[in-house]
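Enquirer: I have a structure here, written as structure tokens, and I will follow up with some questions on it.
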Amino acid sequence: MAADLGELLVPYMPTIRVPRTGDRVFKSECAFSYDSPESEGGLYVCMNTFLGFGREHVERHYRKTGQSVYMHLKRHVKEKATGAAGGAIPRRRNGQVFLDLELNRDFKGDEYECEDEAKLVIFPDHFEIPLPNIEELPALVTIACDAVLNAASAYKKQESDSWDEEIQVSKHARSLRQQDNGVRIPPSGWKCQKCEMRENLWLNLTDGAVLCGKWFFDGAGGNGHALDHYKDTNFPLAVKLDNITPDGADIYSFDEEEAVLDPHISEHLQHFGIDMLQMQQNGTENGHLNTDNADSVQPRVSEWEVIQESGMKLKAVYGSGFTGIKNLDNSCYLGTTMQVLFSIPEFQRAYVGNLQRIYDYSPLDPTTDFSTQMAKLGHGLISGLYSKPPMKSELIEQVMREECKHQPKGISPKMFKAMVSKGHPEFSSNRQQDAHEFFLHLINLVERNSAGSENPSDVFRYVVEERVQCCQTQRVRYNQKVDYLMQLPVPMEAASNREELIVYEAKRREAEENMRAPPEPVRARIPFTACLQAFTEPENVPDFWSSALQAKSAGVKTSRFASFPEFLVVQIKKFTFGVDWVPKKLDLSIDVPDFLDLSRLRGTGLQAGEEELPDITPPIVLPEDTRDNSMNSSDSPDIDESSAMQLAEMGFPLEACRKAVYYTGNMGPEMAFNWIIAHMEEPDFAEPLALPSFMEPGPSVASLGLSATPLDNHPPEESIAILTSMGFPRRHTVQALKATNNNLERALDWIFTHPEREEEETSDDLSDMADTTEPDDNTFSNANTNSHSTLSPDQDGSGPRIKDGPGRYELFAFISHMGASTMSGHYVCHIKKEGRWVIFNDHKVCLSERPPKDLGYIYFYRRLSSC
């Protein structure tokens with residue numbers, strides 16, 4: 001038999017590999033579906049690429065690659081027989097099989113046991129060889145099988161490495177000696193012992209001193225008294241007071257100069273009268289970190305209960321469109337966003353509707369392909385395969401035993417999260433993130449990967465009309481820009497319960513000064529009409545440069561809609577920056593309407609009697625009198641170095657901080673911080689500031705097809721694809737990128753300010769051919785064909801691809817956030833399906849009884865079909 005197996009495997013030996021260091025073994029999830037070893041058909045792992053495939057997809061991989069040998073993994077989960085010892089570790093028939101795999105269902109380890117089996121399968125005849133079979137298999141095959149079975153699954157290893165690299169246990173944690181000085185820390189009213197700082201306070205774990213921070217790992221602001229205290233005393237560990245939860249806290253080691261872990265933090269805090277277990281209201285909910293300050297415990301508890309509809313008997317729903325998404329430790333921002341997006345027909349059609357075509361043309365490694373993973377996620381949510389109701393017998397058993405028997409926990413987006421977050425400093429971490437920022441990040445990925453095909457993000461795209469007026473000359477300039485999301489300001493002064501808020505604030509301050517418990521909190525009630533009014537009002541333009549005066553002057557800006565999107569996304573600007581630079585949330589409710597009419601906000605363009613500002617570029621680069629020696633000039637640009645250093649202390653590259661300060665006109669660190677967040681993904685983010693020689697673009701330059709960059713500096717094809725996917729012609733896109741030194745944001749503005757002229761088309765055809773390296777004619781003709789069907793009647797083909805129409809909308813979904821900051825808390829979403837509101841809370845999907853529409857963070861409206 002051994003000789004037979006050896007002879008059988010001889011033709012396939014060159015295709016069987018032993019996993020090397022760096023190889024990822026996908027033995028917990030299919031590349032095209034959410035099948036796993038626990039699924040009915042098990043999982044097939046290719047013995048050459050180590051990719052995993054469900055039973056329905058392994059044949060596709062065999063046909064595409066010719067790889068014939070796969071390892072079939074199957075896990076059987078069974079309830080323990082009566083009389084089994086409680087608390088025992090689940091028994092496994094083959095001890096080494098799936099050693100690192102976690103259960104994909106909500107099983108209790110002391111009630112269930114696992115039986116794992118593995119076998120080699122040879123395609124196309126499906127010949128099976130049970131494992132382990134050491135005596136009968138060739139040595140190379142045996143080594144390869146053992147390596148696959150013992151390898152850590154791809155994403156479990158990645159997550160473990162990520163956390164190990166970020167935070168380590170402090171060398172002082174176990175040997176820390178705390179002083180018995182009788183210090184007890186109150187639950188609120190903290191302030192620095194050496195100054196009046198009440199933000200960013202740190203508790204020294206040796207003597208209980210409460211002092212303000214400065215140069216800490218989170219970039220917090222302060223006077224540095226905690227660090228001074230360490231220099232005087234050598235007491236090494238401190239914990240941030242407002243980040244203490246039952247799961248842990250933010251701990252810093254002055255001696256090791258980094259954030260650390262303290263396995264004994266509970267005992268160390270108890271020494272000063274802080275019981276971590278009593279921080280539940282201020283801590284975690286459903287496994288999500290909530291770092292609210294003790295002063296705001298009560299409103300946050302109310303918020304968590306209202307948004308999650310706690311205390312109500314919510315009816316679970318199953319089937320197509322009702323599949324939950326498992327939370328991967330603070331990934332709820334991703335889950336809620338994707339639930340809403342895949343409730344939109346255009347996203348369903350682009351990815352799920354084209355599922356087979358996307359899968360058939362997927363690359364050899366589909367785990368890193370955007371379209372493949374989007375189609376996989378969309379199909380998982382819409383198909384209903386992973387949202388099946390329990391059998392009747394199981395329901396009866398649950399009632400009899402008064403417990404919830406194991407049920408599928410939705411789909412686990414590990415592969416999807418790893419793909420969309422690759423290379424992103426925030427989304428690739430395991431920390432909580434802003435759903436608004438992730439939405440824009442995902443739309444950017446959709447744009448990049450939709451060149452030449454249907455672009456579902458067209459439904460969100462609209463054009464904003466900005467009217468800038470010089471207050472001194474009254475002359476105006478109209479600009480247009482593309483946007484995907486409407487940000488509504490929150491005028492707190494317009495609260496309908498303003499008097500009540502004033503009384504509460506006075507009581508809160510009094511309680512804080514006297515170190516008493518805070519009063520019952522009051523939530524601000526803001527009319528939605530007041531938010532709209534604040535959006536329409538003129539705002540000051542800092543450091544406005546008037547081209548009419550050729551000097552700085554006072555200027556105001558108003559924004560209107562040049563077009564209305566098919567789906568309108570509205571973000572409530574609930575978050576502001578605290579003293580420690582951490583975004584903090586305003587506690588408020590807004591009476592958001594089910595139906596919204598924005599027709600009166602449509603832009604009108606230049607009006608009769610208005611005089612335009614001259615089209616002159618501000619002198620933001622080298623002055624005109626130094627053009628000739630600009631390359632040799634030693635004069636450095638005017639940069640507020642103190643602001644740059646303040647940002648650098650937060651961990652950003654110094655050169656990026658200097659650019660941020662420069663490009664925001666030395667308007668302070670907060671404006672520069674916003675610039676950093678908006679540009680940190682750019683490839684030249686950390687490169688030194690490089691100012692081009694002064695060249696003012698004008699009509700003559702555009703008409704001649706010239707640019708400020710060398711002719712051989714052809715724009716990257718990726719940048720061209722992004723702009724063409726938005727509906728701009730390739731020739732115009734190439735010209736815009738060359739004129740702006742390949743800067744995407746400036747190129748977009750250039751396109752709007754330099755509309756394509758019909759008379760230029762013929763003369764530019766030859767130059768376009770020179771600029772283009774092997775263009776895909778079909779790709780761009782398809783993009784332009786699509787744009788004609790979606791452009792508004794008054795636009796030409798040079799504008800972005802939009803779906804303009806009436807500005808009347810109906811609310812169909814909203815995402816809500818619980819917690820004090822976008823860096824903590826939890827997200828859930830409510831979506832209106834079949835006339836009923838449904839709450840998606842991670843893997844739990846239920847009919848909503850009382851949707852908290854007044855507490856939402858991001859609202860999604862669809863255009864009314866009949867107006």
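Cβ atoms are placed via backbone N, Cα and C, with glycine included.
What you are looking at is a predicted structure, and each value in this text was computed from that prediction instead of being measured.
This is the feature table in TrEMBL:
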type     : residues                       : note
ACT_SITE : Cys332                         : active site, nucleophile
BINDING  : Cys192, Cys195, Cys212, His225 : Zn(2+) binding site
COMPBIAS : 758-777                        : compositional bias 'Acidic residues'
COMPBIAS : 778-795                        : compositional bias 'Polar residues'
DOMAIN   : 168-276                        : domain 'UBP-type'
DOMAIN   : 323-864                        : domain 'USP'
DOMAIN   : 638-679                        : domain 'UBA'
DOMAIN   : 714-754                        : domain 'UBA'
REGION   : 616-640                        : region 'Disordered'
REGION   : 753-803                        : region 'Disordered'
Enquirer: Using C-alpha atoms only, work out the spacing between Cys195 (Zn(2+) binding site) and Cys332 (active site, nucleophile) and round it to an integer in Å.
Expert: 39
Enquirer: Counting every protein chain present, what is the number of Cβ atoms, excluding its own, within 10 Å of the Cβ of Cys195 (Zn(2+) binding site)?
Expert: 13
Enquirer: By a 10 A CB contact count over all chains shown, which of the binding-site residues listed here is most packed: Cys192, Cys212?
Expert: Cys212
Enquirer: Rounded to an integer, what is the Cα-Cα distance in Å between His225 (Zn(2+) binding site) and the residue listed as 'active site, nucleophile'?
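Expert: Checking the Cα atoms of His225 (Zn(2+) binding site) and the residue listed as 'active site, nucleophile' gives a distance of 37 Å.
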Enquirer: Roughly how many angstrom lie between the C-alpha atoms of Cys192 (Zn(2+) binding site) and Cys332 (active site, nucleophile)?
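Expert: Distance between the two Cα atoms comes out at 35 Å.
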Enquirer: If you run through the domain 'UBA' (714-754) with DSSP, how many residues end up as helix, strand and coil?
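Expert: Helix, strand and coil residues of the domain 'UBA' (714-754) number 29 helix, 0 strand, 12 coil.
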Enquirer: If you draw a 10 Å sphere around the Cβ of the residue listed as 'active site, nucleophile', how many other Cβ atoms fall inside it, taking every protein chain shown into account?
Expert: 29
Enquirer: Expressed to the nearest Å, what is the distance separating Cys332 (active site, nucleophile) and Cys212 (Zn(2+) binding site) at their Cα atoms?
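Expert: One finds 32 Å between the Cα atoms of these residues.
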Enquirer: Compute the mean position of the Cβ atoms of Cys192, Cys195, Cys212, His225, which form the recorded Zn(2+) site, and then list in sequence order the other residues of that chain whose Cβ is within 8 Å of it.
Expert: Lys191, Gln193, Lys194, Glu196, Met197, Leu201, Leu211, Gly222, Asn223, Gly224, Ala226
Enquirer: DSSP helix, strand and coil counts for the domain 'UBA' (638-679)?
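Expert: For the domain 'UBA' (638-679), the helix, strand and coil counts are 29 helix, 0 strand, 13 coil.
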Enquirer: Test of understanding: give the count of other CB atoms lying within 10 angstroms of the CB of His225 (Zn(2+) binding site).
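Expert: His225 (Zn(2+) binding site) is surrounded by 21 other Cβ atoms within 10 Å.
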Enquirer: How do the residues of the domain 'UBP-type' (168-276) split into helix, strand and coil according to DSSP?
Expert: 19 helix, 22 strand, 68 coil
Enquirer: So what pLDDT does the domain 'USP' (323-864) average out to?
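Expert: Here the mean pLDDT over the domain 'USP' (323-864) amounts to 80.
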